[in-house]
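> Take this structure first; my questions come after.
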Amino acid sequence: MESDGKSDRTKVPTAASSLNEKKADLNDQPGHSTDTEGNGSDNNNTQVGEKHHVSADDGPVDTAPVELAATQHQHPVEAEQNYPSGLKLTIILLALELAVLCVALDNTIVATAIPEITNQFHALTDVGWYGSAYLLTLCAFQLFFGRLYQLFSIKWVFLSCLFIFEIGSLICGVAPNSTALIVGRAVAGLGAAGIFSGALIIIAFSTPLEKRAIFTALISAIFGISSVIGPLLGGVFTDRVTWRWCFYINLPIGGVTAVALVFFLNIPPREAQPDTNETLRQKIMHFDPIGTAIFLPCIVCILLALQWGGTTYAWSDGRVVALLVLFGVLLITFVGLQFWMGEDATVPVRIVRQRSVGSAAVFTGLVGASFFIMVYYLPIWFQAIRGATATQSGINTLPMMISTTVGNIVGGVFVSFTGYYTPMMYALPPMASVGVGLMTTWTVDVSTGKWIGYQILFGLGLGLGMQQGIVTAQASLPVADTAIGTSLQVFAQMFGGSLFVSVAQNLFSNEVIKGLAAVDELGMTPQAVFNAGATELDNLFGSNPSLLAEVKVVYNDAVIWTFRTALITTCLSVLAVIFVKSGSVKGKKIEMVAA
């Protein structure tokens, strides 16, 4: 290259000369343009994979970024990453599974302890809040923690969430009254909001993309299994020790998890963290505090409206109407704010507008709805129709949970070996919808073979594609957005579950009340029968077999309506899959240090 008065910039060591030659070669190719003379062009700053502007004054430089820029334009590129392996990886995975175990257990373990809790605190009217307080904060803060994971140390954000969760569990364990228990549940939910998504984010930074699906499946399988064994464990603690151990159990498990991660988890520092020279106000604005303040009551309003409407209050009641109107106003405000905040939004709009990511979130939400509806209402069917205890009903749902776990693992292995994640997403709707569709044919005297077989078909289909939305997000987004993309998928799953469980609860309670009102010689009000609980039917009507049979038919029909809701959400999930771009994780590398 000849001197033109800028020889001080062009006479550089060999590596820089090689870099300029490579850029010149790229200029000769259609669609490529580079600027080596610093004439105002910004190309050097925008090349995929580069971290800073390259000039001759920088001395020897690595030519790899330019080579990669010529071959990859859609996805960042992964430098060689020293992922943990062997015993270290095993310990990290076990620690994450223990953390997820606590979160999932806490979601359902309280169910069988509620009767004893209400007896001790004399607070039957607070029953709904024992579960709702946990779910409300878990859903509402899910996206907020996604933002924290993007901006700060993943390891310490996760450990902070675990600490908050443990504090909440401790408050619940020592609660002297119902109000303290509800506060503890809300605090535990706040910590739980960052644990499940955080575990998946840590997996993303600890394993190569092509193997990530199988590890994600293992984490998700633990969540599903724990959700079912929760009531079993809660019943054992309540009967044999005290209900307070439903919460104390989280303390030693969380302690082991924290120690393991402190010593074995090491994620490189990321360049996406806030500038230390920023003012306090600038740092705070990175968290979108206004958006969070709007989003929290928005979620609370819709979940409360669905829980109260048609049961506690009529749909026309002013309180329910006000909640729905307020939800709509807050949602519109939140969405508008996300556009206005740009990159400082809780969820930058460009991420949601990425077709595969947005569609995967809808898919994950609908599948989460199907899963949680069945987790909650299958035990009710066994308790009301078959007279099973809480423990027995949990055992009877094992065919679904085991097959879901197997499906999760099979789906993860398939993606790891083939690289393609969309086939498993397409496999879910037909298999799962046939399974749950057959379950809507259940009658009071359905055979054991049918209720086992139909559960297996539904669970296997659900498991195959249940977590592929998370894989889709991680494969479709640059690693700097992995935390938010993962949190978005987890939020969709949790919120979809919470939303449609409330819808199913409305259908169930209304159908029971309506059906019981048509039963002759009931001897008590339909509401009184409903409030007594599904496990009390044999005690209430056991002396009159024909009346008991009639009441069980009413409960069977009501539960079937919840199964139909799961059938609808399962079928609708195929519409979301259509918009997910087919892709492979094979050979798709991600630059981990840039996150």
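Cβ atoms here come from the backbone N, Cα and C positions, even for glycine.
Marked as region 'Disordered' by Swiss-Prot: 1-62. Residues or ranges marked as compositional bias 'Basic and acidic residues' in Swiss-Prot: 1-11. Swiss-Prot lists 30-48 with the feature compositional bias 'Polar residues'. If you look up Swiss-Prot, you'll see N39, N44, N177, N277 marked as N-linked glycosylation site. Residues or ranges marked as transmembrane segment in Swiss-Prot (evidence: sequence analysis): 91-111, 126-146, 156-176, 186-206, 245-265, 290-310, 320-340, 362-382, 409-429, 451-471, 483-503, 559-579 (among others).
I'm curious about the neighbourhood of these features; can you describe it?
Away from its own ends, the transmembrane segment (126-146) comes close to residues 106-107, 110-111, 114, 117-118, 157, 161, 178, 181-183, 185-190, 192-194, 197-198, 287, 292, 295-296, 299-300, 303-304, 307, 346-347, 483-484, 486-488, 490-491, 494-495, 498 of its chain (Cβ-Cβ under 8 Å, at least six residues beyond either end).
Away from its own ends, the transmembrane segment (156-176) comes close to residues 99, 102-103, 106, 145, 148-149, 183-195, 198-199, 201-202, 244-248, 250-251, 254-255, 257-258, 261-262 of its chain (Cβ-Cβ under 8 Å, at least six residues beyond either end).
Neighbours of N177 (N-linked glycosylation site), defined as other CB atoms within 10 A of its CB across all chains, total 12.
Through the fold, the transmembrane segment (186-206) approaches residues 83-84, 89, 92-93, 96-97, 99-100, 102-103, 106, 133-142, 144-146, 148-149, 154-155, 157-158, 160-169, 171-172, 212, 215-216, 219, 223, 247, 250, 265, 267, 470, 474, 479, 482-483, 486-487, 490-491, 494, 592, 595 of its own chain, all at least 6 residues removed from its boundaries and within a Cβ separation under 8 Å.
Listed as Cβ neighbours of the transmembrane segment (290-310) (distance under 8 Å, sequence separation of 6 or more from its ends, same chain) are residues 128, 132, 135-136, 139-141, 143-144, 317, 319-320, 323-324, 326-327, 330-331, 333-334, 337-338, 341, 345-346, 495, 498-499, 502-503, 505-506, 509-510.
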> Taking DSSP three-state, what's N177 (N-linked glycosylation site) in: helix, strand or coil?
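N177 (N-linked glycosylation site) sits in coil per DSSP, no helix or strand.
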> Answer with yes or no whether the transmembrane segment (559-579) touches the transmembrane segment (362-382) by the criterion of at least three Cβ pairs under 8 A, sequence separation 6 or more.
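As far as Cβ distances go (cut-off 8 Å, pairs 6 or more apart), the transmembrane segment (362-382) and the transmembrane segment (559-579) touch.
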